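Lifted from TrEMBL, the feature list:
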COMPBIAS  382-397  compositional bias 'Basic and acidic residues'
DOMAIN    1-29  domain 'DEAD-box RNA helicase Q'
DOMAIN    32-202  domain 'Helicase ATP-binding'
DOMAIN    228-372  domain 'Helicase C-terminal'
MOTIF     1-29  motif 'Q motif'
Amino acid sequence: MNFKTFNFHPLVAAGIAAAGYENPTPIQAGVIPHIMRGCDLMGLAQTGTGKTAAFVLPILQRLAAGDRGSIRSLIIAPTRELAEQIHQAIEILGRPAGVRCVAIYGGVGIHPQIQKLKRADIVVACPGRLLDHIRRHSIELTQLETLVLDEADHMLDMGFIPDVRQIFKHLPVNRQTLVFSATMPHEIRQLAKTFLNDPVTIKIGVTSPADTVSHAFYPVAHHLKTALLLNLLENSNAESVLVFTRTKHRAKSLGKKLMTAGYQAASLQGNLSQSRRQASLDGFRDGKFKILVATDIAARGIDVTRISHVINYDIPSTPDTYIHRIGRTGRAARSGEAYTFITGEDKKMVNAISRAIGSNIEQRILPTFNYGGTSHNVAYRSRQDKKLHQKKTEERKRHNRRTSMTRSFV
Ligand code: AMP
């Protein structure tokens, strides 16, 4: 199948060409015809499948034809990063058609948003700030034709469903509603029942990890995880590393420890201000930071293509989350490594992940690491190893001072 099948308006086709897309992805091929027919739809697909363009292109098709200058499409996303990412995709795809898009989320000033909302065709919003605008009457939604809820299951995880239900009360009843979600928990099924009108459901199977990724488990005692991470980083040729921790606090403190060890590292977690989150993300994307330490929620939907290693400092809580995390490496035929630190308590999840991957994952022991150590400082097998480590740390720090790239973004 190719994009010509959909008979897009020439200005929409120009946007597709500008983005460099040649053929539709499976989710696009599956949902675009239904959305263009005006149906309500439930799309089950993960990030990385091309789901953003799957709903953006039919929205642009509608806008290319009708009047402009009022909000005709609203996209609700759970995180600021995802909202910003959708906004950027619309900027590229919608530029030839001249559509005006604004992203609205908390953590930044509300007044510039109020001005932009007056002229927008498409709004991408996080639920909290959108409700703020609705309550202040600074958003006019009477002309709304299409509503998209993106990553609905993550909205549920983040406790946004009551806000979403509130928002629905302020929208015209006569509209097309599209819901995208990677999974279908009971609450999302209920939401769809209430707010979707005879929806079509399209499911794109959980993407299995790319063949280009190799997986390994690293058994380690909890208190030695940081030392093991430093050892691994020192002894690998990792170019761009995404490290996952379970908690915000751990993401922050690990980011700091990596910087102290001389790495160009940043963290991405919910406690950061919007500008710092963006700086961490941009710095990681353009290679200024070699390591990004993130929580699942902060990293949700982030699309950085050049990741050589994903390291699960803490094992993910479901096999789906594992697949989602490591889906960020080994993209586009590059090879990638997925390392997961495991402790004695993780046995059940280790088995569940192996089953999901469909093979036994190798358990690796590092010969250069002192597994009997009691803390970070004694986790070297010999004095020589420790000296070598200190020398490398100094070298990294000198290099960073020369390039003055180690900045405090954690
Ligand atoms: P998404 O799942 O929407 O986050 O998209 C994942 C990545 O796929 C993004 O970098 C998109 O730019 C890219 N993408 C979306 N549709 C296509 C397509 N038809 N061909 C090639 N890349 C695409």
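Glycine is treated like the rest: Cβ placed from N, Cα and C.
No curator has checked TrEMBL annotations; they are predicted automatically.
Since we're looking at a predicted model, the values are computed, not measured.
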Worksheet item: Short question: which residues 6 or more past the ends of the compositional bias 'Basic and acidic residues' (382-397) have a Cβ under 8 Å from it?
Response: 230, 234, 261-263, 368, 370, 406
Worksheet, complete the sentence: Across the domain 'DEAD-box RNA helicase Q' (1-29), DSSP yields 18 helix, 0 strand, 11 coil
Discussion item. Looking only at the motif 'Q motif' (1-29), what is the model's average confidence as pLDDT?
Written reply: 92
Item to complete: Please spell out the DSSP helix, strand and coil residue counts for the compositional bias 'Basic and acidic residues' (382-397).
Response: 15 helix, 0 strand, 1 coil
